[in-house]
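**Student:** Dumping the structure here so I can ask a few things about it.
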Amino acid sequence: MIYLIAAICANLCMTFLMRYSEHHNGNCYALNIWNYLAGSLISLLLLQDKSLIWSGNAVTCGAGVVNGIGFLAALVLLQISIRRNGAPLTTTFNRLGILIPTILSIFLFDEIPQIIQIAGLLLCIFAIIFMNSGDSSERPDFNIGLILVFLLGGTLDTISKIFSRYNNADSQTCFVLYTFLAAFVISILLFFKKEPRMSLQDALIGIGVGIPNQLCTLFLLRAASRLPAYIVYPTYSASLILLVNIINYLVFRETLNKRQYIATGIIGLGVVLINLV
């Protein structure tokens, strides 16, 4: 459980550092370079058997590279969505992605949910439909972005769940290293193609995001290897949805409309029900 708590704290730090950058005209492409460079270095330091970097199996390397591409795409989407929809809605849809690994775990690992957990899944699905209905003034500004955040977040959670199921701690760390190295290389290419300017603020925030980003990924892998998916991901998601909304209101005074508050509450209830065993 300690790994799960640590992953939640790390994700909170990352979310609000990105929010700070978006509100101070930071260059997200420069930030991503330092983010993934810091994450790669942390992964390298935590890897006990350094020989795995060169002798690791092709599955670990390939999965890490695919995960890295997805990580970067997800981070760019998160940055855009935080700017256009705010941190609460973005975090809610990102963490709603737990529906994907939770449902797939039923078929892949025979982790069968109880009736009350199925009710939680249905509530979450209803909340998505509810939030995206109504007139245009009540819908999120960047609607398609929220759906993509949901799908991509869930896909990455699924990859992590499957990998953690069949690999030990050192292989998991090596997987995270490959993930961050792949994202780092692609970030450099995007930086020079899109917006080749960099400030000290971008570097500092990027490093600040990269450390909790790496630790969050690693801690979540550790938690998923020790606990069932229907405990890890709903607890992680419900905590983030609740804490991001509370902190965002108290610190930034950012509010949602009535329909969005209701949908967020339904999602929170849904993920709590999924977590009941």
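Keep in mind that glycine also has a Cβ here, set from the backbone N, Cα and C atoms.
Straight from TrEMBL, here's the annotation block:
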DOMAIN    146-275  domain 'EamA'
TRANSMEM  28-47  transmembrane segment
TRANSMEM  53-80  transmembrane segment
TRANSMEM  92-109  transmembrane segment
TRANSMEM  115-132  transmembrane segment
TRANSMEM  144-163  transmembrane segment
TRANSMEM  175-192  transmembrane segment
TRANSMEM  204-224  transmembrane segment
TRANSMEM  230-252  transmembrane segment
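Give me the local environment of each listed feature.
**Tutor:** Away from its own ends, the transmembrane segment (28-47) comes close to residues 18, 21-22, 53, 68, 71-72, 75-76, 79, 170, 173-174, 176-177, 180-181, 183-184, 187-188, 190-191, 194-195, 197-199, 202-207, 209-211, 213-215, 217-218 of its chain (Cβ-Cβ under 8 Å, at least six residues beyond either end).
Cβ atoms under 8 Å from those of the transmembrane segment (53-80) belong to residues 18, 21-22, 28, 32, 35-36, 44, 47, 90, 94, 142, 145, 148-149, 152-153, 155-156, 159-160, 163, 167, 171, 174-184, 186-187, 190 of the same chain, restricted to positions at least 6 beyond its ends.
Same-chain residues lying 6 or more positions outside the transmembrane segment (92-109) and placing a CB less than 8 Å from one of its CB atoms are 74, 78, 81, 121, 124-125, 127-128, 146-147, 149-158, 161-162, 165, 228-230, 233-234, 236-238, 240-241, 244-245, 263-264, 267, 271, 274.
Sequence-remote contacts of a segment are chain residues at least 6 beyond its ends whose Cβ falls under 8 Å from one of its Cβ atoms, and for the transmembrane segment (144-163) they are 60, 63, 66-67, 70-71, 73-74, 77-78, 80-81, 84-85, 89-90, 93-101, 104-105, 108, 128, 172, 175, 217, 220-221, 224, 229, 233.
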**Student:** Same chain only, please: residues at least 6 beyond the ends of the transmembrane segment (204-224) with a C-beta under 8 Å from a C-beta of the stretch. Say none if there are none.
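**Tutor:** Beyond its ends, the transmembrane segment (204-224) has Cβ neighbours at 1, 3-4, 6-7, 9-11, 13-14, 17-18, 20-21, 26, 30-40, 42-43, 46, 157, 160-161, 163-165, 169, 172-173, 175-176, 179-180, 232-233, 236.
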**Student:** Across the domain 'EamA' (146-275), what are the DSSP residue counts per state (helix, strand, coil)?
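**Tutor:** DSSP classes over the domain 'EamA' (146-275) add up to 116 helix, 0 strand, 14 coil.
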**Student:** Which sequence-distant residues neighbour the transmembrane segment (230-252)? Criterion: at least 6 residues beyond either end, Cβ under 8 Å.
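**Tutor:** Here the qualifying positions are 4, 7-8, 11-12, 15-16, 19, 86-88, 91-92, 95-98, 101-102, 105, 111, 113, 117, 120, 157, 161, 220, 223-224, 264, 267-268, 271-272, 274-275, 277.
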